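J.: Structure below; questions to follow.
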Amino acid sequence: MSAERQPAFRVHIVDDDDHVRRALRRLVASAGFDARAHPSAEGFLDDFDPAVPGCAILDMCLPQLNGFVLQQRITALRPGFPVVFLTGRGDIGMGVKAMKEGAFDFLTKPVQPAKLLAAIAAAEAQVVEAQVEMREAVRYEERLQSLTARESEVLQAVVAGNLNKQIAHELGLSEKTVKVHRARVMKKMGMRSIAELVRASVTKRIDAP
C-alpha cells in the first residue's frame, strides 16, 4: 500500500492523551501513511503544511484551542482539507455541528481500527479526486488561452447552442469559415464532440485555490 503512495498521504493526529496519541500514530503508520502526532493544536499548526496532501484526526476537547476552533483554523489555511473528529466526549449534537462546519467524518472513542483507517482512506480518495479535477481544470484553462480571439467567440457561440448559420450571421462570417474555426476549437480544446465541449465548459472552469 505505502509503496504506491508518492508522496505518502500525511495524517495529522491531534490528541492530548499520550497513550491514545501514540496508539493512533502506530496504527496509522502501520497502514503506510505519513503519521504525525501532536499533543496540542499549537503543535499541529507549527507542523502543518497546507501544500502537502493529507487529513487531520482531531480530538474535540483539546487544551487551549478546542477541536472546532482548530477546524476553523485549518479551513482558513487550506479550504477543503479533510478533518475527522475522533472524541470520547462526542454526542449527536456535536457530530451534527462538526459536519455542518465541514468535517469529513465524526467518530467516537473507542473506535475500531478498520473504521478509522477506512475514514482516512476515504479522505485520501477525496483529496486525490480533487487534485485530478484541479489538474484537468488547469489544462482546460491553458487550452482556452491557446485560442485566438475569433476562436474564443466561436467557442462561446457553440457552447451557447448556436448553429453554424447563426454564428456566421452574428460574427459576419461565412458558414464555411465558421466550420473551420469550429474544427480548430475542437482540436485545440482536445474535445471529440460538442456535448463534451459543453460539459467541459461547465465543469472544468473552476478557480484554483
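Glycine is treated like the rest: Cβ placed from N, Cα and C.
Checked TrEMBL, it gives:
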DOMAIN    10-124  domain 'Response regulatory'
DOMAIN    140-205  domain 'HTH luxR-type'
MOD_RES   Asp59  4-aspartylphosphate
J.: If you draw a 10 Å sphere around the Cβ of Asp59 (4-aspartylphosphate), how many other Cβ atoms fall inside it, taking every protein chain shown into account?
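T.: The answer is 25.
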J.: Can you tell me how the residues of the domain 'Response regulatory' (10-124) break down into helix, strand and coil by DSSP?
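T.: The domain 'Response regulatory' (10-124) comes out at 52 helix, 24 strand, 39 coil.
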J.: Take the domain 'HTH luxR-type' (140-205) and count its residues per DSSP category (helix H/G/I, strand E/B, coil), listing them in that order.
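T.: Counting residues per DSSP class in the domain 'HTH luxR-type' (140-205), I get 50 helix, 0 strand, 16 coil.
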J.: So what pLDDT does the domain 'Response regulatory' (10-124) average out to?
T.: 92
